[in-house]
Every structure is written in structure tokens, then in C-alpha cells.
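Taken straight from TrEMBL:
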type     : residues  : note
TRANSMEM : A:12-36   : transmembrane segment
TRANSMEM : A:112-135 : transmembrane segment
TRANSMEM : A:156-184 : transmembrane segment
TRANSMEM : A:204-226 : transmembrane segment
TRANSMEM : A:238-261 : transmembrane segment
TRANSMEM : A:289-312 : transmembrane segment
Amino acid sequence: MGNLLMNEWIKIFRKLSTTIMIVLLLLGIVTMGAFYKYQETTSTTQVNENWKQELQTQISSDQEGLTTAGENNANMKTYYERQIALNEYRIENDIAPNNEQHIWTFVGDSQMMISLAGLFSIIIAAGIVSSEFSSGTIKLLLIRPISRVKILLSKYITVLLFGILMLAIIYLFSSLVGLVLFGLPSTDVSHLAYSNGEVIERSISFNLVIQYLLSSIDILMIATMAFMISSAFRNSSFAIGISLFLLFMGGTATILLASWFDWTKYILFANTDLTAYFDGVPIVEGMTLSFSIVMLLIYFLIFHLLAFGIFAKRDVAA
Amino acid sequence: MSAVLTLEHVKKTIKGNPIINDLSFSVQAGEIFGLLGPNGAGKTTTIRMIVGLIGLTDGDIIVSGKSVKKNFEEAVKNIGAIVENPEMYKHLTGYQNLKQYARMHKGISKEKIDEVIELVGLTERIDEKVRTYSLGMRQRLGLAQCLLHDPKLLILDEPTNGLDPAGIREFRDHLRMLTETKGMSVIVSSHLLSEMEMMCDRIAIIQQGTLTDIQYVRDFVDNDQMVYLIETGPLDNVKNWLQQDWNATFVDSGFTVSVNKEEVPLLLNRLIDSKVSVYSAKEIVKTLEQRFLEVTTHTNGGL
């Protein structure tokens, strides 16, 4: 398996297009950094002296929301409860909401680049099987004493590794750019998380890693789908087209549908944003974290059953 | 001699159309075996079934005692193949391409790779991208790729496509050398007869998915007998004994027969005694090509 992964890795990284992808990603982060730096120098942020009072007003308005909206929507109830608990914690422990730009806020902002990384991972996922067919090299690949399942698995793992590499590049490079442009935070900052009715302080860099991984779930699913289409139909443009359309439109379309139909919760894209369960509101009432995880697993399994089932059986005649 | 490859009643049906009908043959160790047939006869399908690219509808293929159907990895380990054009990763160098395939077999050393490169004569250009290679060089790289793991059976589908005469000759010498020094068996497919005649020990003619004939090429070369075309009138009365005693093949204007020169008057006398009009008798040089055309046109006519 190690050798197979190495083969796939070499094939990807000897391509010019892969180098271009990485350069674009790095350029994107630098441009973003420059833009934020420019904004920071032109606008002056003042320290708000009355932040405690403002939070207090926010809390009472949230409490109002809790009694009205929270009554008939369990998810909204959790949301308000969380907001109130977090703000109360801030007042009690004297943690002012911080507007300062520093390395970690920049790493957080760089999550925007994840869609670019997703785009690249999808291109790789869509091409990794179908390009062997279009170049004819599949014939030399499948006549080795290695089962087709192993070959396809090595390709899928390569896609995953490529995605992880892209994420790591964004995280590490934006840390570097953030450190150079904005420096470390002036006071100790940590992420306030709310779980089981309690507020806990978490390391901000660790929390960002979790956030990066959570916001990559939709990309993981779409890349898996692109991989499935690519192995089943052997056509990379078809796979890329459908996948990118879904990557950019799927979420929006699901939100639109969610306001009318309850069954929207079974759609893949209603379940890909797991951060909703930690910091926001799920799009259909009554959805829970475990429901979404089960849905994601079901989709994941279906994609792989199709990909492996078709790839292992089908005749290579072209 | 032991069989390296055996096809047992192999059938392939694609969307209800029979592509290969009950094909059975075997290839012996050290033999160069030709698969000959017009385009679309099922040569490539047969080859793809042997290497496992296409599944079998019925029957089985045994390579070195292992079934391709049931024990794919063990069976295909003994095969090196080029299926149609040797397509390589164009953005990698020749050497990187070979490394790709070397990693997929067990125990191929760096020395072995260098030895194979030397053998096919690519040493000088091996570190250049395959994109810059000529067709002949790609063929040689393709050959190198299937020799890496010292297979017992080499399968080459239309290997001389696009090679110039010098390249074909060189390729032929390579094959001879491989079978003689390493005891490899080779299957070559082609629709070019002259080439097959020079290359192969034995040739199978495939037509419309059926094996129509298997011939030893040596038989033609070693044969003292000549082939005569006898132009005659109607043969209805004599067909029986012509077939039984002389093994004649009937054509439109008469028949052909393979006999020693001294026997010709004997045959003609007997024909004249039987009141058959004999117009001419001429010696023809019978090549495999004629045999091939005979076999194939006969089957076509029967349709």
C-alpha cells in the first residue's frame, strides 16, 4: 500500500498544475493578509469602555428571544442559552470582546481559503481515476498483481492526504503571515466554548484546528462524490462540473428548501456544516449532531459502495 | 513441454452479442505464439481477458497453473503485457515511469531496472520526459515495462504498430533473444501476416470470435511439397476421391492441392480418365497469407 500511495503522490506532484494550485493558495493568503493589514492601518479601533453595559443589554434582549422563540424551537433555545451564558461569563470574568487583529484572528479569517483548497481537492479527486482512463495508462495499472480495490483505495487515500496537505498549508502559512503582519495577541486570548450548560476556555490555536476540520466536511463529502463519479463514469469534466456546481450552489439551495420542506434535513448539504451545532443554529428544526453524523456516514458509504462496486467489476475495453 | 497459458472454452458476451465463442488453446513454454485475425475478430478482447482487464462470461484462463478468474493476483504475476499502444505517464521521465511499475511488483532492484533499460536500448534517453519520445521509443519503454518482473508470459498486442522496418526487425530480434535465453513464452497479435510469419512459431487464426485454425509456421518452410492450382471444369463426380486421396481444397475455378512434383502427372491422368476437363495446372507459392485468406474468405462465404 505504501508503494501505491507513493506512486499516486509522485504522479500528482510531478504535474505543473499541482504546483500552480499551491502557489495560488499561498498567493491568496498573502493577498488577504495585505488587505487586512491595509484595513487595520486606515481604521482606528478604540477600546470600548462601556462594553459591560452593552453586553448586559444584549443579554436581556437574548432572554426575551429565549422566552418567545425558544418556546417552540429547541434549536433556537440552545442558541439563546449559549449566547447568554457566554456573555455572562465575559462580564463575570472581565473578558472584553476583543477587536484586535492578531495571528489567530488571521488564521481564523483564512478559513475563507478552504473553499479554494476544496476546489483544488475536487479537481484532484475528479481526475485521479478518470485521467488514467483518458491517457490509457489504466491498462498498464490494472494488469499488476494488485487487486482493483487496493488500487482504488490508494487513490482515495491520496485524495484525502492531498486535502489534508492543503489545509495544513493554509493553517501554517496563514500563521506565518499573521505573525509577521499582525504579531501575537497583546493579552492572553482563549476561545470560549459552551458545552453542557457550562462555559469553558479553550486554547485558541487548538480550537482553530477543530474549526478547520469541521469546515472541511462539505469538501470531504463533495470530493468523495467527485471521486465516485470519476471512477464510475470515467469522465473528469463531468465529475468536476457536477461537484463544483454542488460545492457553490448546494448549500444555498438547501437553505432555500429548508424554509419550506422538513425533508430537507436528509439532503447532504443540510448536514455538512457541523459548526452549527457548536456556534449556530441547524437549518432544520430538531436536527441533532448525531443525526447529521449518521447522515454523513450514510452518504459516505453510498459514494464508496458505488465507486468501488463499479470500478472493481467493470470491463476495461476502451 | 508444459503449457504456460491455457484457455478453456472461453466465452465473452457483451450486451447479448457473443464476442468470443468457445475459444480454447494453449501456449507452451518458450514459444512465440501469434494471434492472427482481421480487425474486430476478437484478438484484443482475448488478450484483455488473459490479463484480467475484461471479465469472462464463461470458461477459464489458466496462467502457470493459476486461474485468472479465481486467483487473479497469483496468475497475473507471471504476465508482462502491452495492451494496444504502450501508454505511459507523459509528464514523467522514462525512468520514473519504470519506477512506477517496479513499485507494483515485489523485489525489483535498481540493477534490474538498469539492466532492462540497457536491454531495450534506452539508456541515453531514459531521463527525458516521455512526452519527447518517438513512437518507437515508447514501444521500447513499453517492452521494458513488461520485462521488469521477469514474466513467464509476455503478451504484446499489435506490438509493431507504427514501427519502421528497422524497428520491426530489431523488435523481432528482441523477442527471439528473450524466448531463447530466458525461456519466456510470447503471445503476439497482429493483422499483418508477413510479420507474424517471420516472428512466430505457431499461429492461431481467429475470426469472429472463433478459432479457425492453428498452424506451425515451420510446416510451410520445411515442406518439400509444392502447391498446385489446377483449373478444371465441373468436379462433382471426382470431389470425393480428390478430397480423400489428395486432400484437395476447392476454389471457384478448380482446386488446389499440395503434392510432390512427380505426383502431378498421376493426378492429372486420373482426372482425365474421369472425364474432367483440365484447362491448366500451375505451381503456386503458397504463403501463410494465402492460407489465411482461404480460411477467412471461406468463413465469410459461409455466412
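Placed from the backbone N, Cα and C atoms, the Cβ positions cover glycine too.
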Closest-packing stretch to the transmembrane segment (A:204-226), where packing means Cβ pairs under 8 Å, from A:12-36, A:112-135, A:238-261: A:112-135
Leading stretch by Cβ pairs under 8 Å, where the reference is the transmembrane segment (A:12-36) and the options are A:112-135, A:156-184, A:238-261, A:289-312: A:156-184
Residue numbers, six or more beyond the limits of the transmembrane segment (A:238-261), whose CB comes under 8 Å of its CB atoms: 115, 118-119, 122-123, 125-127, 130, 218-219, 222-223, 225-227, 229-230, 267-270, 272-273, 283-284
